[in-house]
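Trainee: Sending over a structure as structure tokens; questions will come in a sec.
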Amino acid sequence: MLQRQLEEPTTVSNLWNYLAFVVFVVVSALIPIRKRLCSRRVKTKEDYVFGAGHISMLAMMLSIARGTLGVISVLGYPSEFFYRGTAMWETLYGMMTAYPIVCFVFIPVYFDLGITSVYQYLELRFNSRLVRCLASGTYILRTLLSLGVTIYTPTVALNTIIGVPYWASLLCITCISIFFNALGGMKAAVAADVIQSLSMTAMLVGIVIYCCVKSGGVDQVVAIGAQAGRMNFFNFAADLHLRVTTTSAWLGELFMSLSLLGCQQNFVQRYLSMPTLRKIRQTMLVNIPLVAVLFSLPWLVGMGIFALYHTCDPLKAGNIEKMDQILPYFIMDYFSKVPGVWGLFVGTLFNGALTLNISNINSLATVTWEDFLSLLPGFRKKADSYQLTVIKLVGTIYAILILGVGFLVGLLSGVIESSVLVLSATSGPLLGVFILAMFVPFANWKGAALGMLVSHGVTVWIVTGRMMYVEVYDSLLSTSIEGCVSDAPFLTNSTSYIVVDQMSRIMPMAVQGDSFLYRIYSVSYMYYGVFGTILTVAVGLVFSLATWSSVDAYNTKMLHPAVRWLHERSPFGGKRFGSFDVNKGDKLPPAAKVVVVSNLTVKDSGKS
């Protein structure tokens, strides 16, 4: 199929597209906060954090699944399929495995505690603010980095289609996020997620149908992808240095999803806003097929686009500068003269980054207040309205920090690789400390803290070594330009695609390719979360056994119910490790004071 020559949109068509973009973004942003704009009622902290009141099960399902269909996925996965095939698609296995584990393992522990921050649980379990702050800091770091990737992603489309500078798009997203954060809250964030999920799904389904029709049917789309070697499923190679295999996709995504869904504030905050544990379980389990469908949509879009461009790769032909521009280029190529289409497309991407940014700013600000600021003497026992004002101010500061991260993301090679690298590198310590807390009865705060610090240190060392000392090859599948016409490329400032089968980022080689350090640095980033979790748990186990004392006793209600049942029946339960259960009338250890969290009475030894 010959590449069609791009034609400049008419002035009338451009006006309709700009109008569609502005209207879609404004309406999508105002609908979730319309009640707040029309109401004089003062929003309470509970309203802001948990969305006090009824949130439907369907709305919560779409909000939780919303992260599956973010702008990173929409722009990144089609280009991933086009240039690397389906290997990363198999991360879906790990994601679907994580949902029931979170549903039946993590949520029952949190639900009855009456906590505002999920990291408050770690303080109750380990009687240590240090562990709580380390976990909160890990979450904040990961979210800041991942949101930087998120808000950068739609700027690629805006720059590709209408030439808007990256900095202008980033600044616009940040300003709207600050405004929305000041007026919104959890209910507004959920409503925005629902609007975004529905609009993104409709857009992707429309693109898939169009591509299938243009290519001659679904079977033709699949056949073209298979003949070009894109359907590379079920690669169980044991080499840890391959970028992604079926094993690393499943295992790496499982650990990342467990850390995200089970240990991250923005997700747990949504679970705890639902009225009953049964409702949470229904929402999570019904969400599994929904997540599978939503996650697969961008990949199907990639298959359709590849079927149209399999004889004329826009990147190799010099029509685009980056792989992630393939979907925006397709929209301009086929719909430039259809009024409003690219306006709605860019508006959907822009709004997607915006809503995800707003939702996470809410959680970041809540965690910062609950886990850091509220513990300071000057902020204790402040009025509810004062707390809410501080939380909103902190959210504004985070929006500005995310803006700064967004400017740095363009230095990395693609939004998918940037996103996975950030999530994998920060997942291990966070997941590991929660595993210690729930499943290891003899784990104490010293082992948990040291395990997190060691895991963070090793992960940072490996990531730094990978980026500084290893020549990382980003292997791409072969593409063709045989069907291209010799017209001027769409992007006048585009650079030529020089290397056909491989693109590489050349780094100074400070270590030898066959050395021990080189082999460590070049391990696939898909395994960072796995290794980080194992290291946190291993160090925590050893150091806890070596340093356990009577002051490390804790309320056994903090353990997972199944572990608590086994612990109570073990030879050492409640004896060697000094655990206690106030509901059974157990005597608290000396020097411990009693605090009440919701209906659960626990001890707090005041360690930091």
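Cβ atoms here come from the backbone N, Cα and C positions, even for glycine.
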Trainee: Would you please say which range out of 131-152, 483-504 has the annotation transmembrane segment in TrEMBL?
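Mentor: Result: 131-152 is the stretch TrEMBL calls transmembrane segment.
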Trainee: Quick one: sort out which of 240-263, 312-335, 576-599 is the transmembrane segment according to TrEMBL.
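Mentor: Here TrEMBL associates transmembrane segment with the stretch 240-263.
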Trainee: Look up transmembrane segment in TrEMBL and report which of 194-216, 447-469 it refers to.
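Mentor: Matching range for transmembrane segment: 447-469.
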Trainee: Is the transmembrane segment (131-152) in contact with the transmembrane segment (447-469), using at least 3 Cβ pairs under 8 Å (sequence separation of 6 or more) as the test?
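Mentor: Yes, the stretches contact each other.
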Trainee: For the transmembrane segment (97-119) and the transmembrane segment (525-548), check the count of CB pairs under 8 Å (sequence separation 6 or more) and say whether it reaches 3 or more.
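Mentor: They are not in contact.
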Trainee: Can you work out whether the transmembrane segment (390-412) touches the transmembrane segment (131-152), with the criterion being 3+ CB pairs under 8 Å where the paired residues are 6 or more apart along the chain?
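Mentor: Contact between the transmembrane segment (390-412) and the transmembrane segment (131-152): present.
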Trainee: Apart from its near flanks, which chain residues at least 6 from the ends of the transmembrane segment (240-263) lie with a Cβ under 8 angstroms of it?
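Mentor: Distant Cβ neighbours of the transmembrane segment (240-263) are 67, 84, 87-95, 97-99, 101-102, 105-107, 118, 135, 139, 233-234, 420, 423-424, 426-428, 430-431, 434, 474-475, 519, 522-524, 526-530, 533.
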Trainee: When each of 131-152, 284-309, 342-369, 418-440, 525-548 is checked against the transmembrane segment (164-183) for Cβ pairs under 8 Å, which one has the most?
Mentor: 342-369
Trainee: Determine which residues of the chain contact the transmembrane segment (418-440) at the Cβ level, with the cut-off under 8 Å and only residues 6 or more beyond its ends counted.
Mentor: 72, 76, 88, 105-106, 109, 121-122, 125-126, 131, 134-135, 138-139, 141-142, 145-146, 149-150, 252, 255-256, 258-260, 262-264, 409, 412, 447-448, 451-452, 455-456, 459-460, 463, 525-537, 540-541, 544, 558-560, 563
Trainee: Look at every Cβ pair spanning the transmembrane segment (131-152) and the transmembrane segment (342-369), keep those 6 or more apart in sequence, and say whether at least 3 of them are under 8 Å.
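Mentor: They are in contact.
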